[in-house]
Amino acid sequence: MASNSNVVFGDEESQLSGGTNRVQPCSSTPRKNTIDDDGKKQNFLSLSQRLGIQDFFCLDVWRASMGELLGSAVLVFMLDTIVISTFESDTKMPNLIMSILIAVVITILLLAVVPVSGGHINPVISFSAALVGIISMSRAIIYIVAQCLGAVLGALALRAVVSSSIEDTFSLGGCTVTIIAPGPNGPVTVGLETAQALWLEIFCTFVFLFASIWMAYDHRQAKALGHVTVLSIVGLVLGLLVFISTTVTAKKGYGGAGINPARCLGPAIIRGGHLWDGHWIFWVGPTIGCVAFYVYTKIIPPKHFLAEYGFKHDFVGVVKALSNV
């Protein structure tokens, strides 16, 4: 059975194959392999083991989450700064420049955070990794909370350095579906229809997972391509999706696909106002996209994704364990 030591977006235990700085398992009980001699899965893991409840009591997991918190804070500050600066400039194609810069920043941040926590800095990655079984749902919850707190800190930092006029004009670079704009007969609401924005969020999230994150989940591709290449592809795909979502729609008031609920939450909490209008789209859309991607992973041949402990935290295994309680 192939090891998951080459999975990029796993936990911090699996990042450094050389053995240095590896975080040891939190439980004092030795891990039991869930694969028998014939290569078949065993289903004797308890519900708490499937959910990874021990992660809530593991200091190393909480320490790793600091990487997610600080990474998300820097991500929000940098991305929202890029959004504001590119549209403030006189360039003829701000969307293109913005997308290129976003791809570069995301790649650099992922390279910085991967050795610490696995390099998620996005609830989409954490939730998807939990569904697939790479990390436990408990660890995913800890990471997502850290990412949201980091996003708030990043938005606070941005608010501290920009002028009030910039803050009002660009809403701290937050995620918007519609805005109130002046019209010939008074203020009017401009932007994208709710259904369109939701579908775009679902499609972009699925494409993000399918076209880039799957390379990180698949131990074969992660090993063949290497971390730098995989993470560069992740950044490139995200940049392309930002460019597509902001260009194809061409709707004033629509800020483009979020593909990162935490990044949308930070400015919404700090700035408030119209950033809460349709904010649910930036959570529901990615959630549906993650579930759709998980269904896809269950349809393709199982040899395309193998984990050392037989998908210990796989969502189907959690449901089965729950049914046996």
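Each residue's number is its place along the chain shown, starting with 1.
Backbone N, Cα and C atoms are what each Cβ position is placed from, and that goes for glycine too.
No curator has checked TrEMBL annotations; they are predicted automatically.
Now, the feature entries from TrEMBL:
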COMPBIAS  15-32  compositional bias 'Polar residues'
REGION    1-37  region 'Disordered'
TRANSMEM  69-87  transmembrane segment
TRANSMEM  96-114  transmembrane segment
TRANSMEM  144-162  transmembrane segment
TRANSMEM  197-217  transmembrane segment
TRANSMEM  224-244  transmembrane segment
TRANSMEM  280-297  transmembrane segment
Against which stretches of its own chain does the transmembrane segment (197-217) lie, if we need a Cβ under 8 Å and a gap of at least six residues from its ends?
7-9, 124-125, 128-129, 132, 134, 177, 225, 230-231, 233-234, 236-238, 241, 244-245, 249, 254, 257-259, 278, 281-282, 284-286, 288-290, 292-293, 296-297, 305
Winner by Cβ pairs under 8 Å against the transmembrane segment (144-162), considering only 69-87, 96-114, 224-244:
69-87
Chain residues outside the transmembrane segment (69-87) and at least six past its termini with a C-beta under 8 angstroms from it:
94-95, 97-98, 101-102, 105-106, 109, 112-113, 116-117, 119, 121-122, 146-151, 153-155, 157-158, 162, 166, 170, 172-174, 255, 260, 262-263, 266-267
Can you work out which residues elsewhere in the same chain, 6+ from the ends of the transmembrane segment (224-244), have a Cβ less than 8 Å from its Cβ atoms?
8, 95-96, 98-100, 102-107, 110-111, 114, 119, 204, 207-208, 211-213, 215-216, 256-257, 259
